[in-house]
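Positions annotated as compositional bias 'Polar residues' by TrEMBL: 25-36. Taken from TrEMBL, the feature region 'Disordered' applies to 21-54. Among the features that TrEMBL reports, transmembrane segment is placed at 81-110, 131-150, 170-193, 205-224, 230-255, 267-289, 340-362.
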């Protein structure tokens, strides 16, 4: 009864609390905790609202000023250690397993992005509409991976005439199969159009295709990097992880100057500290990774066996003599540097300066949809998409850089012979042999 009376009376200027004390306007300088439960509850609400308004005005709270930063850091550290350990295990297992990991990541990313514009009421009126989204997703997956892995699948199937013929036909009619699946999904979409739901359905249709472009564009480059040599996948991905970790650590302890309004917790101190650390790590890690053939050899098929190959000039050490004064202070007279380390510096520079803008883009995107994270599958980090924003930008750059500046230096007679023997039938190999012999004979005759 007393509680009902208190709730009815409230805390107005002329109200009386349960103890009979006058509860008129309090002095603004009085910061003592209210005595009654109802007053304490309202006091907490006013405090939380004030903190919320302050954080909105300031654009967010820096980690260095966050009261719960150590708890957040511990949760984030546990998740990071788990992810790094799992990632290292998959890398050790080889190219095919890394590709499978990329596929799983794609599925989780698509799920998180599909859910952004999902409305429960509309979905209940459109049974099977979610299934249509996944139909387009797996059609796009078949198209992308079919184009990337078709030659390697052809090289893998070496025994069994029936299986070889089946794979050959699948590769030959790959485009027809993919188009048939897509056009069936297109017709399915048209047949499911429902009155008063057109706008929502066409919005979902466009959103689905945007997701496919974002997810599969970067993944196609990622898988191509993997089969060019795990090195060209592992180093860029590791640099992004290092940049993210040290941006967090430097901002955690030293961050005072906000970097960009889209990401209020990002600071200049974290950005600069992470950039320096990433550049150093790129140079050092390239030297370490470049000495393992398991990481540097390209995979020409879909097998999982151990690899051995000629590492090529990029992964053969070059020795540089140090100045005469250097051995007086340090126990080295010369150092060995792999040529690929100079390329690693370019990757490190991009990972430090340009790739973080992928994260800024994702932050702006989340603000547009008024969400904190894309998902909650990784404690302390958000969703899978939250971890892949910078990786997507980096994967595309790594592939373009490799094809533009590295591949011309890595072409060898052995690599050309492997391509000829693996992709041309015997008749074309013999024709190539004959024509090449005639060309060489004419050149020798002309010089003589």
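Cβ atoms are placed via backbone N, Cα and C, with glycine included.
Unlike curated entries, TrEMBL annotations are predicted automatically.
Remote same-chain partners of the transmembrane segment (81-110), defined as residues 6 or more beyond its termini with a Cβ less than 8 Å from a stretch Cβ, comprise 134, 137, 141, 145, 149, 211, 215-216, 219, 222-223, 226-227, 230, 233-234, 241, 294, 299, 302-304, 375, 377-378, 383-385, 387-388. Same-chain residues lying 6+ beyond the ends of the transmembrane segment (340-362) with a Cβ under 8 Å from its Cβ atoms: 231, 235-236, 239-240, 243, 247, 260, 262-263, 266, 271, 274-275, 278-279, 281-283, 285-287, 290, 314-315, 374, 385-386, 389-394, 397-398, 401, 405-406. Same-chain residues lying 6 or more positions outside the transmembrane segment (205-224) and placing a CB less than 8 Å from one of its CB atoms are 99, 102, 106, 109-110, 113-114, 116-117, 133, 136-137, 140-141, 144-145, 147-149, 189, 233, 391-393, 395-396, 398-400.
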